[in-house]
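Asks: One structure follows; several queries about it will come next.
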Amino acid sequence: MSFEHAPVSKGLIVGCALSSITVGLFDVKHYFHLQLVPHLSRHHQYWRLGLHHFAFSNSSDLFLAVLILYSTGVVIERRFGSIKFASFILASLFVSTILEFVALILFHRVGLNYIPSGPSALVFNILYQYSRSVPFVYQFRIFGIPLNNKSFTYVLALQLALSHLPGSGASALIGVLTGILYRSDIANLKAYRVSPQVVLFARNYLRPLIGTTRPQRRSNLALPDGVATTPVVGASNSAETLLREEVVTTARRSEQGGTTTGDSASPSSEAAATTGPSVMREWVNELTGRTDRANAGIRVPTDAEVVQVSTMFPDLDRDVIVGALQRSSNIEAAVETLLGSQTQTS
């Protein structure tokens with residue numbers, strides 16, 4: 001998984017990491033600590049309510065939060081869209097700040113006097129949206145306990161919620177409660193969107209700072225042995241055309257120009273294919289057993305032969321066609337074998 005189509009999630013993760021590291025380097029963690037007594041009740045430092053969301057107090061909380069955000073935030077942003085996801089973050093931070101202040105006032109007599117620094121409430125809000133909107137992919141059991149692919153993320157979240165009790169637990173509950181309020185749309189939070197001016201500013205000035213979100217892609221053009229060295233009459237051109245068409249339809253166009261990755265890599269691949277056997281090819285043949293099969297008398301069909309027979313029998317699987325070519329001395333014998341098997345089946 002990558003940050004493709006998730007620039008807000010990448011900016012959120014990078015921003016949390018940089019701010020937490022900067023706060024630790026300059027030794028100003030005490031300014032990001034949210035405590036009712038004496039910071040709010042005696043000194044009236046209400047700016048701590050908003051400031052404590054920007055940085056984590058230690059590296060372990062930062063590491064857990066980054067793992068959770070990478071697993072859940074990217075998926076939620078792709079479902080919401082970047083603009084709606086950014087609006088969701090701002091609305092969630094506003095609501096969670098109010099709920100944290102109310103929780104400190106109501107429960108300070110039972111031991112809840114501080115909230116640990118960091119956007120933990122936002123992390124658990126995103127985790128709640130992830131748990132409600134994203135289904136699990138697979139299930140498994142460990143010592144008879146049914147689990148799924150989302151269970152590992154929940155284990156990380158549980159560790160983050162239990163790191164600084166009771167404040168971390170309260171922050172986790174507030175994040176889940178904020179997610180419930182957003183999902184139920186009681187306060188009409190879903191209708192909120194950031195202004196177009198803010199979107200334009202972020203697109204022009206903030207988006208270049210986080211860099212590209214598209215992962216590096218390798219060329220998907222692969223020419224097997226014998227495509228250019230042992231052509232078949234009437235089939236080599238069609239095989240090469242099919243390979244090129246596959247590359248053009250599956251490769252992604254680059255951002256700088258209109259050429260595809262496969263087109264840019266095809267000259268070097270063709271040159272490598274036409275140079276004949278190489279040391280690397282011989283080594284690969286030894287690993288895959290092609291040399292042993294050739295010595296044993298089993299013919300290794302070329303990709304051009306497979307393509308030619310596949311055009312004649314489009315309903316047959318590739319494994320069946322390859323098996324018929326391996327058992328036959330040439331294409332004509334393989335075609336007769338396949339025709340005979342179809343006649344017997346019918």
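Glycine residues also receive a Cβ, built from the backbone N, Cα and C atoms like all the rest.
Sharing the features that TrEMBL gives for it:
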type	residues	note
COMPBIAS	264-273	compositional bias 'Low complexity'
DOMAIN	301-342	domain 'CUE'
REGION	250-279	region 'Disordered'
TRANSMEM	12-32	transmembrane segment
TRANSMEM	52-76	transmembrane segment
TRANSMEM	88-107	transmembrane segment
TRANSMEM	156-182	transmembrane segment
Asks: Would you say the transmembrane segment (12-32) and the transmembrane segment (156-182) are in contact under the rule of three or more C-beta pairs closer than 8 Å, pairs 6 or more apart in sequence?
Replies: no
Asks: Please list, for the domain 'CUE' (301-342), how many residues fall into helix, strand and coil according to DSSP.
Replies: 32 helix, 0 strand, 10 coil
Asks: Which value does the mean pLDDT take for the domain 'CUE' (301-342) in this predicted structure?
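Replies: The answer is 83, the mean pLDDT of the model over that range.
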